[in-house]
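Some notes on the structure that comes next.
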């Protein structure tokens, strides 16, 4: 059994891979005392043959995970890095390694089934947008602040007193400061993405396949065009490609992404 791990800026998502079957995704918030967290969530995992990791949280996090995994399973994690070309995907960046590994793995995952030019929107701490052509050519992308970053900027920049609770019901016209910030952040991002999708479709003169992934994808999907798809675990599915080490060719049978 293989372990797939997506280490983001705020959360760690993971799944196991047994042959070609990937388990349901689980996740937990990344806090200080990471080794205690790993023990809490992974202590019951046994017979791990290999560990495949996408890490955007820096070298310290990588070192802590490696030390813990070596002690638990006597295995060293494989940390995926962005490449210029792999699995039928051609990276558009002038310096390929500058493309975040999370974005790269989402492209790898979608390459298996992109019979239509696809726009991948990863809704995490930052929101990234990447376009993938049907021939596997990455067209480039952009980065903008996500919901959490916009909320934090407003709160810190204005000394707003929020009395924040995470389960505040969403309201278009809010009656407290936190809900007002929440509503403004949501509509700011959804309006930007809506406009971007329209611009991309006009520029490429075709209807694009729009796929949302990442932690805030389900929230934002409600405020975007009806045909926007939700596929929250693209990074883990990209890791699955590496873990299986199966080369994609034009004749390959596409798998569910």
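Here, residue 1 is simply the first one shown, and the rest follow in order.
From the backbone N, Cα and C atoms, a Cβ is placed for every residue, glycine too.
Bear in mind that TrEMBL entries carry predicted annotations, made automatically and left uncurated.
Residues 6, 7, 8, 9, 10, 11, 12, 13 are given by TrEMBL as ATP binders; from 118, 125, 128, that same site also lists 125.
In the three-state DSSP scheme, residue 12 (ATP binding site) falls into the strand class. Here residue 10 (ATP binding site) is positioned 24 angstrom away from residue 177 (substrate binding site), judged by their C-alpha atoms. The recorded positions recorded for this entry are 93, 100, 101, 102, 122, and the Cα of 102 lies nearest to that of residue 12 (ATP binding site).
Look at residue 100 (substrate binding site): DSSP puts it in coil.
The DSSP secondary structure for residue 177 (substrate binding site) is helix. Within its own chain, residue 122 (K(+) binding site) has 102, 103, 106, 128, 129, 130, 213, 214, 217, 234, 235 as residues 6 or more apart in sequence whose C-beta sits under 8 angstroms from its own.
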